[in-house]
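Remarks on the structure that follows.
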Amino acid sequence: QNEEKWDFVLVSDIHEMGSEKEIKRKKFLDELSKKGFTIKKIEDTKLFYGVRAPQQIFRKYQCLMGNPDRRLQNQSSPQGIPVTTRIRIVHFILHNTVTPDFEKLQDLMKKKVFEAAFPLHEKEELTEYLNQKWACWRGVFSQQPIEKIRCYFGEKVALYFAWLGWYTCLLGFAALFGVVTFVAGITIFSSSQVSREICEANTTIMCPLCDKCSFWVLSEACTYAKVTHMIDNEATVVFAMFMAIWATVFLELWKRQRATVVTDWDLYGWDEEEEELAMQLINNLQHEPRLYQHSYFRNTIVLLLVLLMIVVFIGIAHALVIYRVIAMAFFSQSSLKLLRERADVIAVMSGAVLHYITIVIMTKINRRVALFLCDLEKPRTFSQRENNFTMKIFTFQFFTNFSSLIYIAFFLGRINGHPGHYVRIAGRWRLEECHPSGCITDLFIQMAIIMVLKQSISNAMEYFSPWIRYKLRKKHKRPKKRSVMLGEEEEAEDPCKAQWLSNYELNEVNIFSLFNEFLEMTIQYSFTTIFVAAFPLAPLLAFLNNLLEIHLDAKKMMKLYRRMVPRKANDIGIWLQVLEAIGILAVIGNGLVIAITSDFIPVQVYKYMYSHCAKENRTDVDCSTGYINHSLSVFHIQNFEPDTLPNITRHETKECRYRDYRNADDYTYTVQFWHIFAARLAFLILFEHVALCVKLIAAWYIPDVPQKVKNHLLHRKHTDLRRELSMMEYSTEV
């Protein structure tokens, strides 16, 4: 015996007879009845209303849209229209039905007339298949059943999982290259001449790293130097170039994959606007379309508010800088030896954890602000609203995640002044300076901590938070079935009741649920590409995370959340433009990291202009020999600012060294500084132009649409035109 099929379930509290809420609920249900909807009521601790649309609504849809779902009909629904399309149409009508009081379902839900409205997770063969083969850990390395996901959740969700699977697959190649680069750094470059010179510099006295700190010997930084040159080497430059090309190839191959998939689904030329107009007319034949509008005044206000938010993010980045400066001063004066000796590293690590906490907090604020700005713009359709929201929230999240990294990569150690003339915060605390072996390790530590925390804590919260909420909702005791009337036998349990209750116990689906998943992945993609030169293991972490992410998302959608309203789509929307923008930022970011953050350029300038190799042709000496001594400037102790040196070391030495290219007498920049500056600029221009040219060539070389798809579309157009011409000639003859 087949259970009754219901398209949607509305849930309401049990209101008093004659109350305002009860009257509003009755008016809304009466409007649905006028449209031919079948409504079934079940009473428990709440009132449940099953809603089923009449067949004529779907016939109208097929007539207007030319039966776009013919490929899905056989496997989804005996009534001749897929379940996903039924749910989508019913959802649209429910949310656009207006009561005599000019209230829609959304208004009634705000006024607590209805508590929830959701489609049902059906107990059917398709559900069982997805639960057993997809939403389980056994399927981690198996191919996703994209066609079945489409039949159950609709095209938009299916395209998300198709994109995520494709991204993860190609991420495997980037992860492999990243691991090779990192291993090469450990085995070959950690014993480089530069790090060896630092480890052997037992007599090089360095200037104090903070006020009242003691002088120190350069060889103390031996371990730090080895770690730095493990990341900062020639292999990293090659890897950064590879990642710029990889980002382009990934997107071009995805465009081809998407074209193949949507052609198989018969959606290549699908028009979202046409479908929305069709559903508006099915719901109300007198409907007039809402016209496109553009307001320069409103857009100016939104732009100014976005700029204000960006200023806030820059302020947060400054606050993190101030924290690191104060933490460095505090740790270096600590009574604990470990804190004193590793004050700089601990300040960086604690700063990274604080940065992660600000990301978590600002993510919630960013969402509210972006929604407010979208409401100001008054978008015409849901898709337009979603696109506007996407651009704003991504911009906000990008600055939230990367403002601190941008400071470390491009400003740390470059705006702090020099001994005797330090830049100070509030005239008291010195700005941080780079380690003698370079700033890239600070960037490496910051990225590693943020990525590990984001992918462990955030993912755990993302899964366990709805899991705990679901278990708590399920634990609430349901009162036993009451007798309908005193003295009457208890009526038989309705077969729909258990199913509706179990679906109601699941977590509510947010309208932007899928959006959140896309946003998480694009931010991860940014980490994986933009500063990958400083953190070659980023693709590996992303790859491992995504293997889990696919199946955590599947389990959440199938077992923890109510069924998502299926939405039709033939691409991933504005996210493709976002990913392309990230690809360009990746070229600029990596070029800047190698040119500015890395010591790659200063070492090359030294090798070819100032080393023994530049003066005489010697093969027995490494060309970078003497680089460290060359890169450290001399400062005379008597020129220190008063009250900044510890008393015990004031007269022990006459001069100390610091990382910069300045003259020993007047502390102005040397000729070497300007040579290196010019070389950095030249490399940046060359790297970015070469990388962008390679990206353009790759984009041209790999067509967006495969020949098979083009030929399929060509044959279809030809067949359709021939059929129309034949019908015209036949009607003329008759």
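Here the Cβ of each residue, glycine as well, is placed from N, Cα and C on the backbone.
Going by TrEMBL, these are the annotated features:
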DOMAIN    77-146  domain 'Anoctamin dimerisation'
DOMAIN    149-713  domain 'Anoctamin transmembrane'
TRANSMEM  157-186  transmembrane segment
TRANSMEM  235-254  transmembrane segment
TRANSMEM  300-325  transmembrane segment
TRANSMEM  345-363  transmembrane segment
TRANSMEM  393-412  transmembrane segment
TRANSMEM  523-548  transmembrane segment
TRANSMEM  569-596  transmembrane segment
TRANSMEM  677-702  transmembrane segment
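When each of 157-186, 235-254, 300-325, 345-363, 569-596 is scored by its Cβ pairs under 8 Å to the transmembrane segment (523-548), the top-ranked stretch turns out to be 157-186. Using the rule of three or more Cβ pairs under 8 Å, pairs at least 6 apart in sequence, the transmembrane segment (235-254) is in contact with the transmembrane segment (569-596). Secondary structure of the domain 'Anoctamin dimerisation' (77-146) per DSSP, as helix, strand and coil residue counts: 33 helix, 3 strand, 34 coil. Per-residue pLDDT, averaged over the domain 'Anoctamin dimerisation' (77-146), rounds to 85.
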